[in-house]
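A short worksheet on the structure shown next.
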Amino acid sequence: MRPENQSSVSEFLLLGLPILPEQQGMFFLLFLGMYLTTVLGNLLIVLLIQLDSRLHTPMYFFLSHLALTDISFSSVTVPKMLMNMQTQHLSIPYEGCISQTYFFIFFADLDSFLITSMAYDRYVAICHPLHYTTIMRQSLCVMLVAGSWVIACACALLHTLLLARLSFCADHMLPHFFCDLGTLLKLSCSDTSLNQLVIFTAGLMAIMLPFLCILVSYGHIGVTIFQVPSTKGICKALSTCGSHLSVVTLYYGAIIGLYFLPSSSNTNDKNIIASVIYTVVTPMLNPFIYSLRNKDMKGTLRKLLS
């Protein structure tokens, strides 16, 4: 980074959630409970999958990676938010803010790619059941996960390098509970046109393209289901895909509403609420969605408890 492009601020101030000071204690306990639920619930999913050999299938292989990603995704933002709420020490170092932005983008994109891989797995299982074991072999599953890691890492690194070249001259107060890329760009006194272009193109690749792939997969699944006039077959297919569809709706609904739909100038509070949904609420709900709607997971849990 050239000297003239280095930031003139050494830290940022995270203003946090738009809540009243007297409500800080209540919201601290609420988000602490949600974070602990996220960590313990997703760790339980990983444990159940590892303990039961019946769950050593492609679907649960992707699910275990998604659970670990959700833990990491929440851990990037929530602990710092909780510390700020408890201590009222709102500052975050410049280097820490850039690092938080990198890991936030990395795990958000990784979540997107893993959910897409799970959609492809469901597509093969329902539309090509006789060739499922041939298509979804272990090498393909490993390649899909490894590819997700590499692409997510590249996207996050590109955004971070472009962010690090910007200058932040005076205002260093972030009206958010974490170092959001879009919020940081608004504070920069440099030309951010290249950053905005990369956000648009990388967002299409990392968010919208996977989302379209999921829609196409479930379109084929829907056609296949209703071509078979069996009520039992329809119920089985819906129970298999219902959990994944719930996660897709929560995750992509919040992200698309936040980053891709036009908004008015006075929507910062709504943007923060949408960010809370996909960074805190969705990772917390995933263990409940996948365990309560899945008889194999419930059977393994009962076996473990007994």
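Please read every residue number as a count from 1 along the shown chain.
In case you wondered, yes, glycine gets a Cβ from its N, Cα and C as well.
TrEMBL does not curate its annotations; it predicts them automatically.
Record features (TrEMBL):
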{"type": "DOMAIN", "residues": "41-290", "note": "domain 'G-protein coupled receptors family 1 profile'"}
{"type": "TRANSMEM", "residues": "26-49", "note": "transmembrane segment"}
{"type": "TRANSMEM", "residues": "61-82", "note": "transmembrane segment"}
{"type": "TRANSMEM", "residues": "102-120", "note": "transmembrane segment"}
{"type": "TRANSMEM", "residues": "140-164", "note": "transmembrane segment"}
{"type": "TRANSMEM", "residues": "197-216", "note": "transmembrane segment"}
{"type": "TRANSMEM", "residues": "237-260", "note": "transmembrane segment"}
{"type": "TRANSMEM", "residues": "272-292", "note": "transmembrane segment"}
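Long-range Cβ contacts of the transmembrane segment (26-49) within its own chain (Cβ-Cβ under 8 Å, at least 6 residues beyond either end) map to 17, 19, 55-56, 60-61, 63-64, 67-68, 70-71, 74-75, 78-79, 81-82, 85-86, 280-281, 283-284, 286-288, 290-291, 297, 300-301, 304.
When Cβ-Cβ distances under 8 Å to the transmembrane segment (197-216) are tallied for each of 102-120, 140-164, 272-292, the top count falls to 102-120. Regional average pLDDT for the domain 'G-protein coupled receptors family 1 profile' (41-290) in the model is 86.
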